[in-house]
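Quick notes on the structure that follows.
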C-alpha cells in the first residue's frame, strides 16, 4: 500500500511519545528510578496501550513513564537520536518530530531550554547517522497552563532557527486555544509555521478557533471536522491540512472504530489529509502499520492511500525546493 516511488513522511509524530520501552528500562536502571516493572515483558502494559483508553487524558498518562526516566539532558539527547533511528528503520524519508520540553523536563526539574538544545543535538546527530531528513515542531503543553506554555515558548525562541513550527497539545477541553493568543502571535512574528491539536477531544468549534484565532495552517487529528460541512468546505478550499492518526484516534476513543474514521470522507471531500502515527512508542505501531493495516481498515482505497502519501509531502513544512529535491532523491533510488 506504500508507493515506494514517493517520499514516505510522518508529520504528526511526538518525540516524547516515542520512547522505546527498552530505553525506559535502561534509563530507569541507569538513574535508579523506580519503575512499575523490572522486565521488558512486564513493563510494556504500563507504557503501551494494550486496550483502547476511555479518553484522550487517560491515553496521555501512558506517556508519563517515558518522561519520568529523563533524568539528564544526555537522556533527552539519547531519546531524540533514537527517534531518528526508529524513523529510518521504518523507511521514513522525512519526519517532523514534535516535543514538549516542559513535559520532558518536569520529573527531574531539568532546564527547559537545555532540553530543547539536547533534542536539537540528538536529532541532528541522528539525521547525520541515518540519512533521514527531519524538522522540529515545538509543543506547548496546554494542560500545564499559560505560564508553563510561556516558558516553553521562550525556550523555543532561544533556538528559533532550529524550530520550524509551534503546536498546542494536551487537554483540549480544559484549556481552549483562546488562552494562548499572545503565544501564537509571537510564534508567527518569529516566522514559524503553525499547527494545532484540535477537534480531537473538543468539537468543530475548536478547529475554527485554531484557524481563525491561532493562525493554524494544519490541524492535528481534526476528526470532529466531520460534524461541520462548512468547516470541511473551508479546509478543502483553503488547503488547510489534517494530520490524521488512525490508530491513535481509536486508542483515545476519539473515534469508535477504524471503519467509522472520517479520513476517507475528508479525502473524498478534497481535504488535504495525510497518514501519521502520533505516539508510536506508546501505541505499539509504526507508519507501515498505519498504511498497510489501519488505512485499509478505515475504508481507504489504494488510490486514496497513495493520495494521503502525496499529501504528507505537500503538507510538510518544507519549501517548494526542499519538496522537489526529496521527490527526486526518492525517485532516483
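Any Cβ shown, glycine's included, is placed from N, Cα and C.
Features reported for this protein in Swiss-Prot:
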ACT_SITE  200  active site, proton donor
BINDING   12, 14, 197, 278  Zn(2+) binding site
BINDING   14, 16, 170, 279  substrate binding site
SITE      221  site 'Important for catalytic activity'
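Distance noted between the C-alpha atoms of residue 278 (Zn(2+) binding site) and residue 221 (site 'Important for catalytic activity') is 9 Å. Cβ environment of residue 221 (site 'Important for catalytic activity'): 12, 197, 198, 199, 200, 242, 243, 244, 245, 248, 249, 254 lie under 8 Å away, each six or more residues apart in the same chain. A straight line from the CA of residue 279 (substrate binding site) to the CA of residue 14 (Zn(2+) binding site) spans 5 Å. Note: the substrate site is recorded as 14, 16, 170, 279; in the same chain, 15, 17, 60, 63, 98, 99, 100, 103, 139, 169, 278 also have Cβ atoms within 8 Å of that site's Cβ centroid.
Between residue 14 (Zn(2+) binding site) and residue 170 (substrate binding site), the C-alpha separation comes to 12 Å. A Cβ within 8 Å of the Cβ centre of 12, 14, 197, 278, the residues given for Zn(2+), is found for these other residues of the same chain: 13, 17, 98, 169, 220, 221, 243, 245, 248, 276, 279. Cβ neighbours of residue 170 (substrate binding site) (same chain, under 8 Å, six or more residues apart in sequence): 60, 100, 141, 142, 143, 144, 197. With respect to Cβ neighbours within 10 Å, the recorded positions 16, 200, 278, 279 differ, and 200 shows the lowest count. Take the binding-site residues 12, 197: by the count of other Cβ atoms within 10 Å of each Cβ, the lowest one is 197.
For the recorded site, residue 279 (substrate binding site), the DSSP three-state label reads coil. Of all residue pairs in the substrate-binding list (14, 16, 170, 279), the one with the greatest Cα separation is 13 Å apart.
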